[in-house]
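Structure record follows, encoded as structure tokens.
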Amino acid sequence: ICGSIRDTQSHRSMRWSEKLLLLAAALPCGASFTVPGSRPAVLSRLVTRVPTSAVQMAEQIVVTDGTDSFYSSRLIFQSLHDYGDFSKITALGSSIADAKKMLLSRQARYSGLVDVLEFAEGDAADAFAGANVWLAINADQSTLNEQLSVAQAAGVTRAFLHLSAESCPADTAALEATLTGSPVTCTLMRTGTLSKDGTGGGLLVTPLDEPTCDEVPIEDVFRFIAEAITMPEAEGRYFSLCPSTDASQLKQMRMAGCSRREEVEALLKGVIKASAEEVVDPVKAAAQAEEDSRSEEEKAAKREEELKELMARAKQRGIETQQRLYEEEKAKAEKRAERLSYFQQTQPIEDDDEEDKKDDTDGGSSGGNKPDDKPKKDGDGDDDDDDDRLALV
């Protein structure tokens, strides 16, 4: 018994550092360690997964603007940072000072855009060095081939080119042939004029040679670019992004919880299409054809006849309006006269009031003689009383 007590005391006197060393040696081998005198504990190994983005190097992108100013395209940098995965975003222009004035904002500082944003000017080859993607906003068709060659020589493998033109480009076939023959994977997107008003409306992907393309909200266009630039569905595509009056399909996707990236994917795949065209009425079509077949004199005579009819209708409406206003004013006057007569009958008679006022001023019913309230003097009216007293005596 004494021996077991001594063993227990010696075990308890073991230093904590030795216990920690034993525990550290047991953990790598996957063994469990139980401290004497305590409940056995199960040790679990914490597994920390390394994000994929930390293993794979993020891409670097160079952004240019064909207008030589980032004033109208400054929002694209924030969209690329918020919805893309780029380790460096380079703004290539003719002046670094002007680019900083346009891009260094409070939102850029708070969102962390300034940490990945860089500026370059002058030689484009130095700016494209180390970059993987080139984004050209409001691209200039006259210098497009030269810039594409410089980007290709610098090692750029992906190019997204944006054209802002309401009318169709002059020679779309030659432009497509140039981009198709380049080893750089290109995407050419044409839009109408970029507008600052409105967002979240309907969009539609149409052919590049679409005759006209109306104004498109700038926020919707830049969000589309930020998503499509990293999507395989947009690679090697040449199309127009135009507004659509029918936004029902996009609204249904948003109500179902779809993301904006899924909307862009649906647009590129052609899932979202234009609404069905109206059925042509044969009667209206025949009337239109008959009208077109008439001569200019007949059309002028028809317009003059329609103008006369419109003038006659306007004159008749004016007469009817005047008659209606006259009758309304007459009814109002009669109503006012009726109300005035009623009020006069219900008012009290003024003659009694005048007589009461006259009586008050004349001293009442005493014939107009006011009572004499003055004190009497000695000897005034007292002679008869004195005679009576003497007779009694």
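Numbering starts at 1 and runs along the chain as displayed.
In case you wondered, yes, glycine gets a Cβ from its N, Cα and C as well.
What you are looking at is a predicted structure, and each value in this text was computed from that prediction instead of being measured.
Taken from TrEMBL, the feature compositional bias 'Basic and acidic residues' applies to 296-312 (among others). In the compositional bias 'Basic and acidic residues' (296-312), the DSSP tally of helix, strand and coil residues is 17 helix, 0 strand, 0 coil.
TrEMBL lists 325-339 (among others) with the feature compositional bias 'Basic and acidic residues'. Long-range contacts of the compositional bias 'Basic and acidic residues' (325-339) within the same chain, counting only residues at least 6 positions beyond its ends with a Cβ under 8 Å from a Cβ of the stretch, are absent.
Among the features that TrEMBL reports, compositional bias 'Basic and acidic residues' is placed at 370-379 (among others).
Residues or ranges marked as compositional bias 'Acidic residues' in TrEMBL: 380-393.
Annotation comment: TrEMBL describes 281-393 as region 'Disordered'.
Marked as signal peptide by TrEMBL: 1-32.
For the compositional bias 'Basic and acidic residues' (296-312), same-chain residues at least 6 beyond its ends with a Cβ under 8 Å from one of its own Cβ atoms do not exist. DSSP labels the residues of the compositional bias 'Basic and acidic residues' (325-339) in these numbers: 15 helix, 0 strand, 0 coil.
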